[in-house]
Every structure is written in C-alpha cells, then in structure tokens.
Amino acid sequence: MAVEMFYDDDADLSIIQGRKVAVIGYGSQGHAHSLSLRDSGVQVKVGLKEGSKSREKAEEQGLEVDTPAEVAKWADVIMLLAPDTAQASIFTNDIEPNLEDGNALFFGHGLNIHFGLIKAPENVTVGMVAPKGPGHLVRRQFVDGKGVPCLIAIDQDPKGEGQALALSYAAAIGGARAGVIKTTFKEETETDLFGEQAVLCGGTEELIKTGFEVMVEAGYAPEMAYFEVLHELKLIVDLIYEGGIARMNYSVSDTAEFGGYLSGPRVIDADTKKRMQDILKDIQDGSFVKRLVANVEGGNKELEALRKANAEHPIEVTGKKLRDLMSWVDRPITETA
C-alpha cells in the first residue's frame, strides 16, 4: 500500500506560527524541535523539571524554560518528548490539569497513546510528529536548509484541524523539505518497537555476541573475533544505509558476497522468522508494554539486571581494550563501552 506524502507546498507554516508551543524535554529530539520551531518564527517554551541538567543548556541557547506544568498552562500545543517511561506521570501530574478545550497534545512516538497509558480528554487534539532521524541530524539538516523525513499521525481530532496542524509543525522543524509521511499511531508504534527489538538492537546485539562466542570457543583470539563480528559491522551498515543491500553486495568482495548468500539463510532461517513473528505478536497484543510498565513500577530492577549482565559479556572487555588503541573513535559516555 502506497503511503501518502506531503511537502512544503502542502503545509501552511502560519498555523503553527499562530500557536504557542511547549516542548517537554530537552534531549536529542527536544533540543532539535525547540530550536527549529523558534527559528521558524514559532513561540516556544521548554518544559523541564526543577534541577534538570538540561535547563542551563536550553537557556544558553536562548530558549525560555519553566516547569512542565507552567509551560503546559501557557501553551496551546504541547509536544511531549520526555522518555516513554516518564510520559504517563508527566501527563497526569503536569499536563492534564492544565489542558483546555482546543489544545493539542503531540508526541514524537506513539507508545503511550496506542497502548492506552495516556488518555487525553476528548476535546483535545492528539497527534504525532516523528522525524526519522536523531535530533542532532534533524537540527543540522534544518540549519543547512534541508530536512529529515517525518511521520505524522492523528489519533484524536475534535475540530478536524489535526492533520493541518501536524503538517505545519513538521514543516517548522524542516520535515516537509524532505517529505512527510502520513501514518497511524498503531503503525508507527508497532513497527518502531519491532525494528528495535528484532533487528536494530536486540537482533543485531545477539548476532554479534553469538558470533564472538563461536569464534572464541573455537580457539580464535578474542581480539580477532571482535574485529570480525563487531568493529567491521559499521563498514557494512554504512554501505547499506547509503545504497541498500544491493549497494553493499556490490561494494564487498565476490568472496564475501557469495559466502553471505550461502550462509546468511543458515543463520536466519524459517524458525528465526517464526520467532520474529512471535515478537511482533507480543508487541501487538500489549505483552511487551505490560512488561515494560511492570519493570518501571518495580524500580527498573529487571532492566538493571539485564544491563549488568550485558555489560559483563567478554566482548565488552575486549572491545574497551581495542578501542583504547583507536584515536579516531569518539570516547564512550558509558563505563562499559
């Protein structure tokens, strides 16, 4: 099914310019949205809790900062860009008491709305504007006169103005320069979670660790295994990112290409596909989100245990030692990287 696309000519920037926008959060996406909205002539304030380390940075960049409750009270469009697991409490404590008829509540990801963790009043527009790139790229492209493609979706539209407002917002952060894709909260949420779990984070991580274990258990040096299954992955991913799988296969040696065709299906086979389908079902039926919420309510104990076990894997020890030799690699912000 073909997607519906919009560009700058389809967007009316004056719509968002006539509104007051509160951006809750000043992380990767929050800073990009806030600065680009401001540069597009939009009234914007940033909402941060008292004592936030991001407050000074936002103020240094010329933005007005107040508590989430105060900016929600001031604004008529509220973009909630805090972490997924913090959004429900922020909504309940700071946003919901300050919502008025005709306000709009926007998100950068659909999880909390799609799975019913946040339920906005019926007289509030609920929408999503989600750039398909990290915040630093969104901001850099905007400054360069370009843009990162965005997704927009409307879940609740009491006045019938939601799509025009979302499209205007997307244009204000540069998205309509590249292209805006219309989707739904369901589609964005479920595809995003599946991609993260089965391929980008979970799947790739386990593939790397298992490859490392197979080589080391066969008697190869951990350093050699690290280079072959982790370090060189960036070279392959960059080629795929730039031109797709065909570009990657064109660029590698015939030996690598031929071996990949023969062995890839032995690693990822019909049984793997079945398990991936099971992962998708767990996402669709809410099982994953229930476990996510239980983890948060339990003080993040399950996440911390998984994080600790992952950090202690031998590939992390080997990797840190080797990366210390690589002057061109940016130093990590975590103790284990």
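A Cβ is built for glycine as well, from the same backbone N, Cα and C atoms used for every other residue.
These numbers come from a predicted model, not from an experiment.
Taken from Swiss-Prot, the feature active site applies to His109. In the shown protein chains, 21 other C-beta atoms lie within 10 A of the C-beta of His109 (active site).
For Tyr26, Gly27, Ser28, Gln29, Lys49, Ser52, Ser54, Asp84, Thr85, Ala86, Gln87, Gly135, the entry in Swiss-Prot reads NADP(+) binding site, with the evidence type sequence analysis. DSSP gives Lys49 (NADP(+) binding site) a coil state; it is part of no helix or strand. Less than 8 angstroms from the CB of Lys49 (NADP(+) binding site) sit Thr67, Pro68, each of them six or more residues away in the same chain.
If you look up Swiss-Prot, you'll see Asp192, Glu196 marked as Mg(2+) 1 binding site. With a cut-off of 8 Å between CB atoms and residues at least 6 apart in sequence, the same chain places Gly202 near Glu196 (Mg(2+) 1 binding site), listed in sequence order.
In sequence order, Gly211, Met215 make up the list of same-chain residues 6 or more apart from Glu228 (Mg(2+) 2 binding site) whose Cβ falls under 8 Å from its Cβ. DSSP assigns Glu228 (Mg(2+) 2 binding site) to a helix. What Swiss-Prot lists as Mg(2+) 2 binding site is Asp192, Glu228, Glu232, and the listing cites sequence analysis.
Residues or ranges marked as substrate binding site in Swiss-Prot: Ser253. Of all Cβ atoms in the protein chains displayed, 8 besides its own lie within 10 Å of the Cβ of Ser253 (substrate binding site). Ser253 (substrate binding site) falls within neither a helix nor a strand when secondary structure is assigned with DSSP, and so counts as coil.
As annotated by Swiss-Prot, domain 'KARI N-terminal Rossmann' applies to 3-183, with the evidence given as sequence analysis. Along the domain 'KARI N-terminal Rossmann' (3-183), the predicted structure has mean pLDDT 97.
Taken from Swiss-Prot, the feature domain 'KARI C-terminal knotted' covers 184-329.
Neighbour density around each Cβ, counted as other Cβ atoms within 10 Å, peaks among the binding-site residues Ser54, Gln87 at Gln87. Calculated from their C-alpha atoms, the gap between Thr85 (NADP(+) binding site) and His109 (active site) amounts to 12 Å. Counted over every protein chain shown, other Cβ atoms within 10 Å are most numerous around Asp192 among the binding-site residues Asp192, Glu232.
Put simply, His109 (active site) is 39 Å from Ser253 (substrate binding site) when counted between their Cα atoms. Cα separation, Gln87 (NADP(+) binding site) to His109 (active site), rounded: 11 Å.
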